[in-house]
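S.K.: Quick paste from TrEMBL:
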ACT_SITE  B:C346  active site, proton donor
DOMAIN    B:48-281  domain 'Orn/DAP/Arg decarboxylase 2 N-terminal'
MOD_RES   B:K71  N6-(pyridoxal phosphate)lysine
2 protein chains.
Amino acid sequence: MEMTMNAYVTGLARSRPLAPIETVESRLRGFIDGRIFDRPTLVLDCDAVVAKYHALAHGLGQGTLIHYAMKANPAPEILRALAAEGCGFDAASRGEIELALAAGATAARISFGNTIKRPSDIAFAHAHGIDLFAADAEAELDKIAAHAPGARVFLRVLVGATGADWPLSRKFGCAPDTALRLMDRAAFLGLRPVGLSFHVGSQTRDPGMWSDTLDQMAEIWHAGRARGHDLNLINIGGGFPAFYGDPILEAETYAGRVGALVRARFGDATVMAEPGRGLVAEAGMIVAEVLLVSRKSEDDLCRWVYLDIGKFSGLAETMEEAIRYQFVTPHDGGETGPCIMAGPSCDSADVLYEQRPVHLPMALQSGDRILIKATGAYTTTYSSVGFNGFPPLDLIVI
Amino acid sequence: MEMTMNAYVTGLARSRPLAPIETVESRLRGFIDGRIFDRPTLVLDCDAVVAKYHALAHGLGQGTLIHYAMKANPAPEILRALAAEGCGFDAASRGEIELALAAGATAARISFGNTIKRPSDIAFAHAHGIDLFAADAEAELDKIAAHAPGARVFLRVLVGATGADWPLSRKFGCAPDTALRLMDRAAFLGLRPVGLSFHVGSQTRDPGMWSDTLDQMAEIWHAGRARGHDLNLINIGGGFPAFYGDPILEAETYAGRVGALVRARFGDATVMAEPGRGLVAEAGMIVAEVLLVSRKSEDDLCRWVYLDIGKFSGLAETMEEAIRYQFVTPHDGGETGPCIMAGPSCDSADVLYEQRPVHLPMALQSGDRILIKATGAYTTTYSSVGFNGFPPLDLIVI
């Protein structure tokens, strides 16, 4: 199995220089400017995704398995390009497995990383040769043993609070003592407990924030080995940040620091990473339109700016104003003022930024084109099927 | 125009007895029990929607125009049945206008109630004979005047906090003084300012909560008439509650009280209402499956229950745990314990109820069918296009 793994470790020899973000932006602008779009559209630069993949792979170091968290953006063009470069895929469902296979990924390059699986999806994965599954509960191990007998499993552990911009909920993972019990249980069921996984939280901008979590994981790891389990895979999940305005490290530098922290604790174990946002967010730019600029009353200090895209058609990640997207307008450079921003639907929850208004040009008006930067992740897939008669976000991959 | 309006006022002569909610539930259960569903599915009872329409119409009284807020559930079967009964439609976009027309509604029965419209959508509506538009800003009036010259407009007013379970944001409507200014502006642009609209907020369970808002509206109404505007339409929006566990009044009784409050202030003006949730929520039941029941550690007090449906595939209204859906399991009646509930996706935000755990049977296990009551509104349309490879909520109308 290790041979199969090593057959698709990141191809460092093929590493290319990473396109600087300014270059990606100017390439996207070059495509967008002068073109007419009849509805909100995400334009995604495939080369930028591939370059980011190589940067993360190079940073994390020789032997790292990168499994793209395709939920961030499963555009077939992106999946094909990543598969061709040797990237693996983390799938959460039969639907995602089918997409990865269709993109040319072999079963050995696909992990079924969801801890909540339909039994029929497990059987589907097993029938297609997929051999690596996540679990965090006994009942899940029972399902895997029944539908993918003899498979490799890694146990997801619930780690304490980290310094991520958006710490995760307690949804995934089990307590450390339970993880050890589950290793025993997996072996008893004829499965092969090969490792551990965790997730530091999305947008963890400081690589130092990984240390505590890695210490906790190493403790469980050594306890598991002491119990006789041949652990050889440490899955560090995602958390690689994208640039939304707050400073982040350059991708390769960031990955290098995280890789060093991991190797200091896990030696020659196989390291797996599951970047999603970190690979695709900065590669995309949404083209949208201003539908209305107004004030609620004459003495209103804030203007309201309504776009033709909102929470239900691509910008769901503005929820709780977590992500502060950056905007480009035709009037940039002119005088600005505070704006509350909202989407086009008849839903009062479809407000993008209200707690912390966005400063936009005073000259902005209905009909203006507006570009939304770093929107390659969690936009097309979070779109509703067509709430209020507005179609889902369109996508063009260049 | 009044003649056209009166031609489709609610047909009270055709009023039928409202199906009690127990009857609707047993009809839905009769259809569901024993059937196999291969993915999460909403089963919707068309007769129950029609019966609720007649109950609201009868309660609100002779002459009320009911325009279904189709965003709640635009299933073609529902739209056709409502259109056949004389119900009108509130549309928010070209997409919704097309659905209403396809269902057999005439243009006179369709209002374009979104205050944020694409200019091309206004032109589309105008070309199809739609003559009634909402606005809350000068720039919107400009668009309407340009693309639907001479149209009737009603001005949406921003009202103060009410007693709704979910008060609306400030997204829609303008301040009272602005509403008066906009009436003048509409007339200046050759449009016909015919009335006012507002929204008390979703799930306003106490009809008495409408009084303050109606008083505010009446003040603006009389000021507008004093300025010479021939106002004849008061659009009271939605807010009609559905039963999610907390007690509500029977629909006709509730509507009767609201109707009396409105007529006491607006006399013989035409009353328009835009129920969405109030018409369809109780008519639907989702069939789902338990994928996993687990505890994070052996001494965990709460179990985690993971379903095959979550925030991204139909249950978006659990956001902030606002709606407390009610569940039916095969083990009801047995001993229960607290559960945190979550969806199947690899997204840590896909948690349904965590702040206030749900009590479910101790015997509940992976593979059990679970029914979710009163899910006819804002479920199919809030579904994502297929986040994480999970398909959108399926729909069967019976």
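Glycine too: its Cβ is placed from the backbone N, Cα and C atoms.
Predicted, not measured: the structure shown is a model, and the values here were computed from it.
Can you tell me where each of these features sits in this structure?
M.R.: Sequence-distant contacts of B:C346 (active site, proton donor), defined as residues of its own chain at least six apart whose C-beta falls under 8 angstroms from its C-beta, comprise B:N388.
A simple way to gauge crowding: the CB of B:K71 (N6-(pyridoxal phosphate)lysine) has 27 other CB atoms within 10 angstroms, across all the protein chains here.
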S.K.: The domain 'Orn/DAP/Arg decarboxylase 2 N-terminal' (B:48-281): mean pLDDT?
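M.R.: Across the domain 'Orn/DAP/Arg decarboxylase 2 N-terminal' (B:48-281), the average pLDDT comes out at 94.
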S.K.: Check the DSSP secondary structure of B:K71 (N6-(pyridoxal phosphate)lysine), expressed as helix, strand or coil.
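M.R.: It is helical.
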